[in-house]
2 protein chains.
Amino acid sequence: MSEVMHTLNVELGERSYPIYIGRDLVADATLLRQHLAGRQLVLISNETVAPLYAQALVKALGDQQRFTRIELPDGEQYKTLESLNTIFDQVMADGHNRSTTFVALGGGVVGDITGFAAACYQRGVDFLQVPTTLLAQVDSSVGGKTAVNHSLGKNMIGAFYQPRAVFIDLGTLRTLPDREFAAGLAEVIKYGLIVDAPFYAWLKANMSALLARDEQALAYAVERSCAIKADVVARDEREGGLRAILNLGHTFGHAIETRQGYGQWLHGEAVAAGMVMALALSAQRGWIEPAEVSTLVSLLEAAGLPTEAPDDMSSAEFVELMGRDKKVIDGQLRLILCRDIGNAEVVDDVSTAELTALISGSG
Amino acid sequence: MSEVMHTLNVELGERSYPIYIGRDLVADATLLRQHLAGRQLVLISNETVAPLYAQALVKALGDQQRFTRIELPDGEQYKTLESLNTIFDQVMADGHNRSTTFVALGGGVVGDITGFAAACYQRGVDFLQVPTTLLAQVDSSVGGKTAVNHSLGKNMIGAFYQPRAVFIDLGTLRTLPDREFAAGLAEVIKYGLIVDAPFYAWLKANMSALLARDEQALAYAVERSCAIKADVVARDEREGGLRAILNLGHTFGHAIETRQGYGQWLHGEAVAAGMVMALALSAQRGWIEPAEVSTLVSLLEAAGLPTEAPDDMSSAEFVELMGRDKKVIDGQLRLILCRDIGNAEVVDDVSTAELTALISGSG
């Protein structure tokens, strides 16, 4: 039986939307159909997730006037303008108009590309998120950042475009491979680090329950994560300021992902190593105790995540790749550092010398 | 000497922006630089317009930290995702970040693709419009509709994204070929038909001055057109209702353009023939006098515009192509008809039989 365990709301005026967290939501016809405006549907998934959940979801969504099902290959390397083009070709060929609804069933790649396709198709159609990875559930499905990658940088082409609703079915985590589950935990840990020290303490105490995929523990961790993200996004939708704190570890992480080539390191893995670097830099500035870096390393190791950048990645490479980050303004890198656990801030005075000392020291 | 003759404002809250209409604005350094937020610039133009005005504009915009100049081939057939990709490749390679400004110098194709590129690049950067065709000055540069075409339909992939400012230099009309000038007049005439009977009367009285490109007549016609469009857009930015009246003649026109292949009929030419069809349908319903159709035909002929669809285009082709229009909702075509000259409205009860009677009758 399906059950909604938590309902959150992302408060964005006329673009506000609910996040439902619960059990067996992919089959909850009553809930899903409340959020369908028309009778045209484009279901976008990938070849890994679709065989597991598409049938139940399609049945729950009901009969449509027009129905197009698209399965992308699985992987970050397919989050491209070319995949987007494939989507438009099929949706156009099937004659979908402005009253269609795009539904994303899958992880962050499927959600990001589907959201961007929905943002652009006929200048914007409805879309729903059904995230099936922990990373997508706690991060990419909430907040309206959509994008595809460019060969020279991740998420360089995209839009801020909010879904109409997010349906988080915790049951889908049962089929998630351990490595991807761990990658999602990196973002969960991030929420504790940036704004919620008690949640960070809870994570240290409950990591084994989470790794055992205990439903109650998962429901709590996902709810806290989404609540924090929804709150930050509601206060700064288009990343004018505050929202940037959600990027703790991400500028370092993006550099690692770009250097290694998409698909080698998972996003969450790169963020994990990046968060250690961000905390080490915070400690290097004397803002936090060095022991906090060790505590984070232990927690990430318990979660099965990497805690260091690739050995052979030089400080020069970091400096060059980080300089391409979207958060660079007038040549000045902006990084997220921690004043304290649960208290992150945007810093725009990190020098190349400081970065080099950090990376050489940790290399 | 440059001179601003009119300044209008498009009232969209925090996304409001000015439209400057005047003489020699492409060289007005003081005015242009007021609207540059950073010191990075991407100038997008085409191979026809760039040799005429790019040098003056680049000089007026001043020295930049990063400067990328892109010249697209000239023509609607290049308003594609592929051209967009070319833009992203160059802008990424040159390392532009979020504080860059995209500047569109050219007609509607350059403006639409530049605006869409600016909307997507790093999820949105500033852009300025410097429209150099009459069509772009009175229509596409104002209102924030940006897009590229899909092989199965015009403007199918795009965004609502407003510029920071629009600079209309009437001097650029001196180099505009007659055929393109006439195409722009079709949209000017449209504004009279939909909301402003006195302006429609003025156009009938002043068509010869406009065709002689008299500066005072042009300034008045462009100002009235932009003012009407700005007012409609301010009241309905995302085409929830009212804004649709700007599409008088466009659903018929798009069908003609798609049937003939992009680039065969100019957009304004197709709209001209489409407006005659829309008025003929209004007359067929008894809403306006048949004489008004003849008056419009005479005015369009005086402007050098076509007044009929291609002879060999069947009513079945119209019905099929119009069914793909973005304004179709749940299978029901919505058309703009005139209750009276200067009083257009959205109509959603036009039957296939009514369309067939219209097209067979006029064929």
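Yeah, the Cβs are placed from backbone N, Cα and C, and that goes for glycine too.
Per TrEMBL, the feature NAD(+) binding site maps to B:74-79, B:108-112, B:132-133, B:Lys145, B:Lys154, B:172-175. As annotated by TrEMBL, Zn(2+) binding site applies to B:Glu187, B:His250, B:His267. Residues annotated as domain '3-dehydroquinate synthase N-terminal' in TrEMBL: B:70-182. The annotation domain '3-dehydroquinate synthase C-terminal' is assigned in TrEMBL to B:184-328.
Ranking the binding-site residues B:Gln77, B:Thr133, B:Thr172, B:Thr175 by the number of CB atoms within 10 A of their own CB puts B:Thr133 at the top. The binding-site residues B:Gly108, B:Gly111 differ in how many other CB atoms lie within 10 Å of their CB, and the one with the most is B:Gly111. Closest by Cα distance to B:Gly111 (NAD(+) binding site), from the binding-site residues B:Glu187, B:His250, B:His267, is B:His267. For B:His267 (Zn(2+) binding site), the nearest of the binding-site residues B:Asp74, B:Gln77, B:Gly108, B:Thr172, B:Thr175 in terms of C-alpha separation is B:Gly108.
Residues B:Glu187, B:His250, B:His267 make up the record's Zn(2+) site, and a Cβ search at 8 Å around their centroid adds B:Leu135, B:Asp139, B:Ala186, B:Lys190, B:Gly249, B:Gly253, B:Gly268, B:Ala270, B:Val271, B:Gly274 from the same chain. DSSP states for the domain '3-dehydroquinate synthase C-terminal' (B:184-328), grouped as helix (H, G, I), strand (E, B) and coil, give 104 helix, 2 strand, 39 coil.
Across the structure, B:Thr172 (NAD(+) binding site) and B:His250 (Zn(2+) binding site) are spaced 26 Å apart at their Cα atoms.
Ranking the binding-site residues B:Asp74, B:Gln77, B:Gly108, B:Thr175 by Cα distance from B:Glu187 (Zn(2+) binding site) puts B:Gly108 first.
Confidence annotation: the domain '3-dehydroquinate synthase N-terminal' (B:70-182) carries a mean pLDDT of 95 in the model. The most crowded of the binding-site residues listed here (B:Asp74, B:Glu187) is B:Glu187, judged by how many other CB atoms sit within 10 Å of its own CB. Other Cβ atoms within 10 Å of the Cβ of B:His250 (Zn(2+) binding site) number 25 in total over all chains. Separation of the C-alpha atoms of B:Thr133 (NAD(+) binding site) and B:His250 (Zn(2+) binding site): 19 Å, rounded to the nearest whole number. Cα separation, B:His250 (Zn(2+) binding site) to B:Gly108 (NAD(+) binding site), rounded: 15 Å. In the three-state DSSP classification, B:Gly111 (NAD(+) binding site) falls within a helix. Counting every protein chain shown, the Cβ of B:His267 (Zn(2+) binding site) has 26 other Cβ atoms within 10 Å.
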